[in-house]
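Chemist: Annotated transmembrane segment per TrEMBL: 21-43, 55-74, 157-183, 203-225, 246-265, 307-336, 357-377, 383-407, 427-448, 454-475, in sequence order.
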């Protein structure tokens, strides 16, 4: 028996999903969930808040603290290799008294974060698509295939697509990172990229320099999470108590390096800073990275063919990221419904008889993400809200198991192959504080003065959602939800 499957049985679950994923395939899906180019739509606003120095060095700072969260998550994943991951961890680490409540809160934060993440990725893709007419034919072909791949295909097909995705982003990313500064007619100085600090109160309404820096770093906060996808796939991965932590830490390292290099390439290749935000430019001032790429190729070759190729590389990254996030979100919903944590759980926990994947959970996630995205048709600011909701829910879900691991008695923890030992307390403390900071930052207004078209609706949305969830808990769920439900009897070996 696989070591991870044995540990799964010890935790009270039988093996239902097909365990066929290798480390490389799990890493590919996890890497694709984070995605090198995923923060591109936020680049323009981040650059404008406080200039290039804040954006570039902000990435380094966020990477540093992300490693603390990654190490904390990797240790817990090694001990609890289950698809339920975060909320399962919260239930066991918080103990019998607080476990059900911790699990309940974590499960719903994780669910809304993952589902909103689908909407965020697809909105990003649609925004990029709307700016380039050439992409219309690509969208027509890809959209149906995306739906089929996300729902009715075995996990091996998704893993194969994500292997393509990883190489797409690695090779495509290297092409963009190396070629863009070489193509650009002139490049910015190192002094401009690494030391230039400049706020834009006339455009953002924000004159406070600390506030501007916090907002400029949101791009990095948004890009550097999602590595828990490896944990959601542990019941389908061979040797997951070892490969899960490796995939988590490896994806953080890869995205940290490639992401920083990508944003350095963009910043060095800026031709005319003010023209990037001109509503009369080729992208209507709405997508700064696309404008930088267009200016570089048009300035050098007087045509945009190369820019279209580069933008296709970026757009492909959005597609693959959306597929991976959907895969992850469906596993979260499946795990929660397996424990009767959501209405109509028997429907959402059904497994496709042939492919052994949670098909109904995928469709539920897709439907909710569509509903979340509908207001964007009327208000552009909803995109900011979806990004914020996704980050707060997804990253906020990390906080509960990390905090529980911080304060628990060490004798109650059964370590896996990846174990932090005495370092776990300071690592978990820094990780928890960083998670709290990240969630708080995404609740802040991003433009002033605050109006209907500039208001960040995330605090209201998250507040209403969590209020309803906690009322549900207080009046009903606490009577029947006890956390993860065992579906195997270790005493006699029967389920």
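Every residue, even glycine, has its Cβ placed from backbone N, Cα and C.
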Chemist: Same chain, outside the transmembrane segment (55-74) by at least 6, Cβ under 8 Å from its Cβ: which residues?
Modeler: 43, 46-47, 193-194, 213, 216-217, 219-221, 224-225, 227-228, 231, 244-245, 248-249, 252, 256, 259-260, 263-264, 267, 398, 401-402, 405, 418, 420, 424, 427-428, 430-431, 434-435
Chemist: Do the transmembrane segment (203-225) and the transmembrane segment (357-377) come close, with at least three CB pairs under 8 A (pairs 6 or more apart in sequence)?
Modeler: no
Chemist: Residues sitting near the transmembrane segment (157-183): Cβ under 8 Å, six or more positions beyond its termini, same chain?
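Modeler: For the transmembrane segment (157-183), the far contacts come to 21, 24-29, 31-32, 35-37, 149-150, 254, 258, 261-262, 264-266, 268-269, 292-293, 296-297, 300-301, 306, 310, 313-314, 316-317, 320-321, 323-324, 327.
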Chemist: Cβ pairs under 8 Å with the transmembrane segment (307-336): which stretch of 21-43, 246-265, 357-377, 427-448 has the most?
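Modeler: Per the Cβ count, the answer is 21-43.
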